[in-house]
Amino acid sequence: LAQSLLALFASSLAISLVFAIIPLCHNVVVLAVVMAVAGLAMGCIDTISNMQLVKIYQKDSAIFLQALHFFVGFGALLSPLIADPFLSDTNCILANGTASASSNLPHLRKSLLPHQPGNLSRYDLPMKGMVVTRVSYAFWIMALINLPVPIAVFFLLYKERMVPCLNGSSHPLLSADELALETRPGDKDELSTAAQRPHTAAGHEDLFSCCQSKNFRGASFTYFAVHITGALVLFMTDGIVGEYSGFVYSYAVEEPLAVVHKVAGYLPSLFWGFITLGRLISIPVSYRMKPATMVFINVVGVLITFLLLLIFSSSVVFLFVGTASLGLFLSSTFPSMLAYTEDILQYKGCATTVLVTGAGIGEMVLQLLVGSIIHDRGSYSFLVCGMIFGCLAFTFYALLVFFHRMYPKPSPELDEASPDKAAVPEGTGQYQR
């Protein structure tokens, strides 16, 4: 836990520093390095936060994962609204003829679509002159908004006596048994000592324990199959999130829809808005419904939505309805799949890393793939690609369910004989690993 919190502190602080530095980057190579640091920091936060929620709450982690990813979607929805007042509707470089160039910007944006570059020579946009833009303020505001996060993590480290030079006088916020669940008064001393034992014994191996080769000795084929198929489901679904939010605007402004640019600009916001709404709805729903059922509803819903989008591809109204529907069905796929896979694998935390990595790779690769296909085949291929990815996601989910049925269940005798099980009396409600 200490290593995880230190990594969260360093990563969240790095994000604030990166956002403060971005407006000062006047070289594309420097900007690329800074953005790479931000990507690494966000990857650490994504993996560690998911992994720790799974380890702490185990069978109840689905609710907390849904809440975590609601705030991910909420941030994605909120940050463009913060940046919007600082974005210019005119060219950011003042020179002779700037007024006429500014009026050409909407037409230039349309001509810059991937598969129809158009004749850009007729647009006169100055490349040299005095720069007039306030977009730097948006980055600095985001840096300040993020700053309370590393401060809060450091405060938690301090209160839990995990800061080496500052652990003398602070008192922990919660004892180990209080962090899990309320216990009977007579069992508190026994629970506290039992809960503290794993922390002292595990030491520095906690963070990387799932990567040790000894954990794979004697593992069945289905153990690896569950990891791979779960990662492939998220590879497809998170890839759909990336490619849809990235290309739905380009698809809308092209023929046959030819949506007005300002109206088409609402589509990504609508998509992320319904992702956020879906994750908010999923918090109470996950308390009543199994993660496997939620994932099934999600992948089937994505498949049906893309099928209807293909059928009504000439309808602007259904494009908006389909975008909202797709956001709703994709919203809880990641946290539900994470909870489902970890439930199969007895909450070891290894699946979290594999699934987060698979999702991140899918979001990157499928955007590149769809971009190149749209460039060659036209805008209609955008929906065809989504349909193919949805079919693959459903196929991989069916394989995951198949491997789940084959996966050996833990022996009750081994559970009863384990030291942790013996240390915690029945009925205390203590979460077990």
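Glycine too: its Cβ is placed from the backbone N, Cα and C atoms.
As annotated by TrEMBL, region 'Disordered' applies to 411-433.
Residues annotated as transmembrane segment in TrEMBL: 30-49 (among others). Sequence-distant contacts of the transmembrane segment (30-49) (same chain, at least 6 residues past either end, Cβ-Cβ under 8 Å): 4, 7-8, 10-12, 14-15, 18-19, 21-22, 68, 352-353, 356-357, 360.
Annotated transmembrane segment per TrEMBL: 61-82 (among others), in sequence order.
The transmembrane segment annotation in TrEMBL covers 137-158 (among others).
Annotated transmembrane segment per TrEMBL: 221-241 (among others), in sequence order. For the transmembrane segment (221-241), the residues of the chain that approach it from at least six positions outside its boundaries are 275, 295, 298-299, 302, 326, 330, 333-334, 337, 340-341, 344-345, 350-351, 354-355, 357-363, 365-367, 386, 389-390, 392-393, 396-397, 399-400, 403-404, 406-408, judged by C-beta separation under 8 angstroms.
Annotation comment: TrEMBL describes 263-281 (among others) as transmembrane segment.
Per TrEMBL, the feature transmembrane segment maps to 293-312 (among others). Residues 233, 237, 240, 282, 285-286, 318-319, 322, 325-326, 328-333, 336-337, 340, 383-384, 386-387, 390-391, 393-394, 397 of the same chain, all 6+ positions outside the transmembrane segment (293-312), place their C-beta atoms under 8 angstroms from a C-beta of that stretch.
Sequence annotations record features per position, and here TrEMBL assigns transmembrane segment to 318-340 (among others). Away from its own ends, the transmembrane segment (318-340) comes close to residues 50, 54, 61-62, 65-66, 68-69, 73, 230, 233-234, 237-238, 240-241, 244, 248, 252, 257, 259, 267, 270-279, 281-282, 285-286, 290-292, 294-295, 297-299, 301-302, 305-306, 308-309, 312, 351-352, 355, 359, 400 of its chain (Cβ-Cβ under 8 Å, at least six residues beyond either end).
Long-range neighbours of the transmembrane segment (352-374) within the same chain, counting only residues 6 or more positions beyond its ends whose Cβ lies under 8 Å from a Cβ of the stretch, are 43, 46-47, 50-51, 54, 114-115, 210, 227-228, 230-232, 234-243, 246-247, 250-251, 334, 337-338, 341-342, 381-382, 385, 389. Under the heading transmembrane segment, TrEMBL lists 352-374 (among others).
Positions annotated as transmembrane segment by TrEMBL: 380-403 (among others).
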